Amino acid sequence: MNASTQDLSFSATVEGGAGGSRLPALNDWVAQVAALTRPAAIHWCDGSDAENEALTARMLADGTLHKLNEETHPGSYLHRSHPDDVARVEHLTFVCTTHHEDAGPNNNWMAPEEGHAEMDALFDGCMQGRTMYVIPYCMGPIDSPLSRCGVEITDSPYVVANMRIMTRMGAPALARIEREGTFVKGLHSIGELDPNRRFIMHFPEELTIKSYGSGYGGNALLGKKCHALRIASHQAKSEGWLAEHMLILGIENPQGETHYVAAAFPSACGKTNLAMLIPPEGYRNAGWKVWTIGDDICWMRPGADGRLYAINPEAGFFGVAPGTSRNSNANALASIQSSTIFTNVGVTADNQPWWEGLENGQTPVIDWRGNPYDPAKGPAAHPNSRFTVSAKQCPSYSPMAEDPQGVPISAIVFGGRRASLVPLVFEARDWTHGVLVGAAMGSETTAAATGAVGVMRRDPMAMKPFCGYNFADYFSHWLSFDKEGAQLPKVFHVNWFRKGDNGKFLWPGFGDNLRVLEWMIQRVKGEADAVETPIGALPAEGALNLDGITLDEEAKAKLFGFDRAAWEAEFASIGEYLDEYGPRMPQALKDEQQRIAGLLAD
Ligand code: GTP
Ligand code: SPV
Ligand code: MN
């Protein structure tokens, strides 16, 4: 590992490309963390191939990774997490602000001193005998003014391997950090992987994250949800930008014009799938293309022309495996044929990764726990099993994703999993209404977080688990973008998950979602017809292209209809939800809710 080894006072060896930094604040913090956690060695990650190979060899030797079939899946590995550590843990995730009200009813809160004391007690001596990795990373293109850097310290080589794919990690990030002098500090240890000794704490006022006891996804890859959403949303509030749980895609029409859309759907509600959409055949033949910019996180800020410009702060995809097939998401499937880390999937007899819904004619023999597969004992792949892969491997990855200025956003889309009530698509009448549409979002819970699945809850802007401050202040921040000179995107709401009386989805979804996107873009250009209703504008009959699909009468009625009485009840519930935030809730949003409730009652 081309290490420059030197002794430190607490007797850890130092290795890795950089072996330290030119920034005293970073060196001091690393020294403090080492003094607390007492690792055997400190490794400064440079992000090189040699480093990755050495780490992979270490993980293969100790069973952290298993090599998959080199012929079918070159350079790919399987990781089995601890069976009690398979998803985000919202009840163990805290936002520690000086004032409780700043975290809001939407977050678990602890006073910062208490939070630090709790965490530092867990971290005390926790890395003895282990290597502590120092990971400098950049969220966003390395030369973008919209990007932000951080350093994650972890004792998990699996986290290093994932951060290497998910962020711009290593020497260039360290150079930017040294130049800027500021960075988000993230401290992580897998600890004992004991659910009773597990916390993910955020100190937004100190740009600090401390995470202990989980090695999984959003709990452990601190650049992702912890930095790019919880800490960044807090920074964005004071700096005039937005950090959102949104995919970003480009839709190129046959004339060669590309419109960019950002869409917020809760976890496991279709962001990766929409971001990688393959147009239906008729659209493909006509020359439509869809470009992927990002599948999970979007940072946007107003540009000089008043439009919102967005970057994807991530460099890879940490996507849900189950349901990913040639039919549902061929771009994702093509992306993960090589150099991919699979977490908690099953394997076939010839050592290929397998999950429910893969639909490639193969069968699993080993389940995600590493036991012989027995359908009586549950699925072969965990419902929240994932793939980690570089965005560059995605056939639809847009060259614009690397543009330091970001892409201009024409439409913002909100959507949840709603079996009833909510039509396929509607358009907000203006920005304030759009903010209410986002704030009122509801969705059924999924396996992406521990806890019950399928329970309807409010998940404003798909940020319930991720907003680093009080939702009332967050909605005020959203409203504040509507100012002189702003050229704001149109706002829409979609629901791919409406069910019929037989319990089946009424809308074909996936590639056919382009039909809905096309209507949106036409609306942006003032070219498509709509029917005004109190909840917003719905596609007029014939305005949304249904050529090539058949919908029965029930489907048409439910996907394009509007049930006034049921919406009246929904708006009463939205009103109660906004009231939970007390006097901090912006009056403009409450007025908007009242305005629509009034129209519904007429
Ligand atoms: P996170 O990574 O957790 O933030 O999830 P995500 O929002 O990226 O969700 P993803 O695209 O991975 O989809 C999650 C599940 O929803 C998968 O099982 C998909 O097959 C399913 N899904 C996605 N799009 C559609 C759709 O248009 N219709 C239906 N019926 N299911 C969909
Ligand atoms: C989500 O849960 O929204 C994810 C997966 O994207 S995780 O990285 O675990 O947050
Ligand atoms: Mn997500």
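Cβ atoms are placed via backbone N, Cα and C, with glycine included.
Predicted automatically and left uncurated, TrEMBL annotations should be read as such.
The feature domain 'Phosphoenolpyruvate carboxykinase GTP-utilising N-terminal' is assigned by TrEMBL to 28-237.
TYR216 (substrate binding site) falls within neither a helix nor a strand when secondary structure is assigned with DSSP, and so counts as coil. Listed in sequence order, SER81, ASP85, VAL86, ALA87, ARG88, THR343 are the same-chain residues at least 6 apart in sequence whose CB falls under 8 Å from the CB of TYR216 (substrate binding site). Annotated substrate binding site per TrEMBL: ARG88, TYR216, GLY217, GLY218, SER267, ASN384, SER385, ARG386, in sequence order.
A sphere of 10 angstroms centred on the C-beta of HIS245 (Mn(2+) binding site) encloses 25 other C-beta atoms. Per TrEMBL, Mn(2+) binding site is recorded for LYS225, HIS245, ASP296.
Summarising the annotation, TrEMBL assigns domain 'Phosphoenolpyruvate carboxykinase C-terminal P-loop' to 241-595.
Among the features that TrEMBL reports, GTP binding site is placed at ALA268, CYS269, GLY270, LYS271, THR272, ASN273, ARG386, ARG417, PHE510, GLY511, ASP512, ASN513. Cβ neighbours within 10 Å of ASP512 (GTP binding site), excluding its own Cβ and spanning all shown chains: 18. Under the DSSP three-state reduction, ASP512 (GTP binding site) is assigned to helix.
The number of other CB atoms found within 10 A of the CB of CYS269 (active site), across every protein chain shown, is 23. Marked as active site by TrEMBL: CYS269.
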Greatest inter-residue Cα distance in Å for the GTP-binding set ALA268, CYS269, GLY270, LYS271, THR272, ASN273, ARG386, ARG417, PHE510, GLY511, ASP512, ASN513: 24
Those binding-site residues in GLY217, LYS225, ASP296, PHE510 whose CB falls under 6 A of ligand 2, listed in sequence order: GLY217, LYS225, ASP296
Three-class DSSP secondary structure - THR272 (GTP binding site): helix
Local backbone state of ASN384 (substrate binding site), from DSSP in three classes: coil
Per-residue pLDDT averaged over the domain 'Phosphoenolpyruvate carboxykinase C-terminal P-loop' (241-595), given as an integer: 97
Distance [Cα-Cα, Å, rounded] between GLY270 (GTP binding site) and ASP296 (Mn(2+) binding site): 10
Conformational class of LYS225 (Mn(2+) binding site) under the three-state DSSP mapping: helix
Entries of ALA268, ASN384, SER385, ASP512 which, being binding-site residues, have CA atoms within 10 angstroms of HIS245 (Mn(2+) binding site): none
Chain-mates of LYS225, HIS245, ASP296 with C-beta within 8 Å of site centroid, Mn(2+): GLY218, LYS224, ALA228, LEU229, SER267, ILE297, ALA462, PHE466
